[in-house]
Amino acid sequence: MTESQSVRLAVLISGAGTTLQNLVDRITRGQLAAEIVHVISSRAGVLGVERARQAGLPVTVVERRGCIDAEFQQRVWEAIRAAAPDLVCLAGWLHLLSIPPDYRYRVLNIHPALLPAFGGKGLYGRHVHEAVLAAGVKVSGCTVHFADETYDTGPIIVQRCVPVRDDDTPETLAARVFAAECEAYPEAIRRVASGRWRIEGRRVLFPSDESEAFRPSAGNG
């Protein structure tokens with residue numbers, strides 16, 4: 001896929017769908033050359049499902065509650081494969097996703113902190129910002145990374161920093177980080193969709209100059 005082509009996205013959500021809405025808005029304004037071909041939610045009745053329907057997007061609800069993991073994973077991937085996306089974007093998706101070999105380096109996640117700090121199971125949403133404030137760090141931000149078989153450990157694609165202010169609350173910090181997320185996720189999608197990257201060890205490398213000869217590795221999908 002080239003940077004001028006429209007990338008097909010499947011977006012996975014579990015809640016309010018604010019990240020989904022950002023992607024919808026960016027696409028509508030012509031700021032992201034992408035098409036959301038399917039939205040999959042792990043919960044019925046959440047605002048994200050309503051946002052998707054209002055945007056005219058196809059939605060599948062795959063309830064996690066009361067479902068064994070193997071069945072849940074199978075149903076999620078059946079819905080993903082039926083839509084044939086180029087990339088899968090986790091957008092407030094609260095479950096570990098098993099990634100088959102043909103989707104390696106095709107599943108992106110966004111996390112509201114500067115990984116590898118403040119990541120892992122149980123650290124999501126407000127919990128992240130509470131942990132950041134409790135630690136007394138002076139900067140926070142967001143990370144877009146390739147998802148792998150562990151929470152928040154995949155190779156990092158894009159990071160954006162924001163200051164942590166002395167009078168911050170979890171809510172004010174969350175708002176500042178989300179503004180950074182709104183820029184970082186579209187940037188990461190564009191970069192990955194361009195195909196102009198490679199992975200060396202834990203690092204995702206991009207060309208520093210468009211005139212530079214840059215040959216992506218075979219492992220980048």
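Glycine is no exception: its Cβ is also placed from the backbone N, Cα and C atoms.
Because the structure is a prediction, the values reported are computed rather than measured.
So that you can see what the record holds, here are the features copied from TrEMBL:
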ACT_SITE  HIS111  active site, proton donor
BINDING   ARG65, ASN109  (6R)-10-formyltetrahydrofolate binding site
DOMAIN    8-189  domain 'Formyl transferase N-terminal'
SITE      ASP152  site 'Raises pKa of active site His'
Sparsest-packed of the listed recorded positions (ARG65, ASN109, HIS111, ASP152) - C-beta count within 10 angstroms: ARG65
Cα separation, ARG65 ((6R)-10-formyltetrahydrofolate binding site) to ASP152 (site 'Raises pKa of active site His') (Å, whole number): 22
HIS111 (active site, proton donor) and ARG65 ((6R)-10-formyltetrahydrofolate binding site), distance between Cα atoms, whole Å: 23
Average model confidence [pLDDT] within the domain 'Formyl transferase N-terminal' (8-189): 97
